[in-house]
């Protein structure tokens, strides 16, 4: 009996809520379409979901350290356009362009981080400004519509995978990249850097007084977010092709995903796995909407209602002024 | 307690008006080099017309940001309001008062929902208002495929009439701003907003009903978005769901922050916000007169916003460093 209660308590903590939600949404999808859980269609789902999950991991670092990154959507769009313009269909340019993109992602993250930490501009404003700059600059550079095209090699990670696997059919490269990013993120959060990041979000002053380089850690978080947008850009570009609009509004979807994962805006609480699961929930929700043939115009409304309800549910415990739970250390994993 | 923020604010507000004068001067020089005149009547009208819409939204946004909250749904609320206004008026002059009342009611209810979910369910306002915005977007997209309703010519005057170079809508915006300044400085709820934004726990322990204060801020913010919707309806002559695509909420937030109000709440005021709105309007007009590429405009805007806030932040560095509440755990 006590074990059941313990399980219930664990299931209702904000981090676990997202996994319960994931099961619920998947159950809904399964009820609508039992065939969804057969290998190939599940793999197709994961391939499509991978970019958002990877972005969620990057955004997690920024949010948990007490900031926002609103520029990721614009950065994803920028990366896709940059890739198309620079590669311009030439296979041999794939690797150099990938390096350029990674450097660009790092540079954007570095600028975001330095303006936020060294100039003390609120990250909301820094990254909002960066969003405007990237949005305008990319369209200015291409004259409104993206030009050029991607190479086959560039599109491979987003489109293809290991073929002819029994049961599953194809294991997409995107899924493997997603798993690698997830594993890397979990490991990173267990290092000294991860702990400093969490401490910086929880109590900046205490972290600084205990000798942590809060500014450096936060800047690195922004760089990781920039890199995640780069990886997501490669996958989305490969999967969906070239369009300057691919990233529009993505920043809000990603932040929603991270918050659904029980990560608290303002920092200091939440796990990266839960944040990535939050992204999976959102993608699964979109799949569910598809299965239900919900009119596309109505989807935002349902999405909005679910987000508010889920976060309100997760916030229910935190709102009570119980000091023991308020100071509890965030669950690792 | 209530005097000191007032004294501080004066200094910051003066600085922002100086910045506005600086932007005006720089804009005038830039346009003069380009062969134009920033202070030609047409340009002045353009500038002032631009202030009113963002102004309405930014006034309400100032109230919620002062309470350490945020409203990302104002663009959607304004679009919804424009439709409510246009469909209720339906071309009849007699329906105007009813339509205005309906708009204020609907937008106030949206604000009340935002406030209630944020204050009583403990949902972060970023998520609450993003969700509300999505819900309204879903409703608008489903219900209205195109423009709807008809605004009588009399009400369209609100969008177009000018007294000299000054549009009526800008005057209404300034009057509303003056009312908001009075509200924040002289009413109990206004003072409570600073207290709640400063530190919610301390405010609660001092006997302030923090939830109710936050509700008020959100309701008023919703209603100013409703007024913005009325202006949209008057300008377009019809209700338009498409209005939300312009991301007015980000403009409004940028104006508030440019106006020296801290995103962390508890500090700032509407007087600064008006200057912030004016700075953005001057920039837009200058870009227009100089015929700068629209995409370059976005880049310049982004750079100006970051630079301005970085300059304010420099001034506040010492003060913020000593303020304990930034080091406290966040309540939301």
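Here the Cβ of each residue, glycine as well, is placed from N, Cα and C on the backbone.
Curation does not apply to TrEMBL; its annotations are automatic.
Taken verbatim from TrEMBL:
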TRANSMEM  B:12-33  transmembrane segment
TRANSMEM  B:53-86  transmembrane segment
TRANSMEM  B:98-121  transmembrane segment
TRANSMEM  B:163-184  transmembrane segment
TRANSMEM  B:214-234  transmembrane segment
TRANSMEM  B:271-289  transmembrane segment
Do the transmembrane segment (B:163-184) and the transmembrane segment (B:271-289) share at least 3 Cβ pairs under 8 Å, sequence separation 6 or more? yes
May I ask which of the stretches B:12-33, B:53-86, B:98-121, B:271-289 has the most CB pairs under 8 A with the transmembrane segment (B:214-234)? B:53-86
Can you name the far-off residues of the same chain, 6+ from the ends of the transmembrane segment (B:98-121), with a Cβ under 8 Å from a Cβ of it? 69, 71, 73, 77, 80-81, 84-86, 88-89, 128-129, 132, 136, 155, 210-212, 214-223, 225-227, 229-230, 332
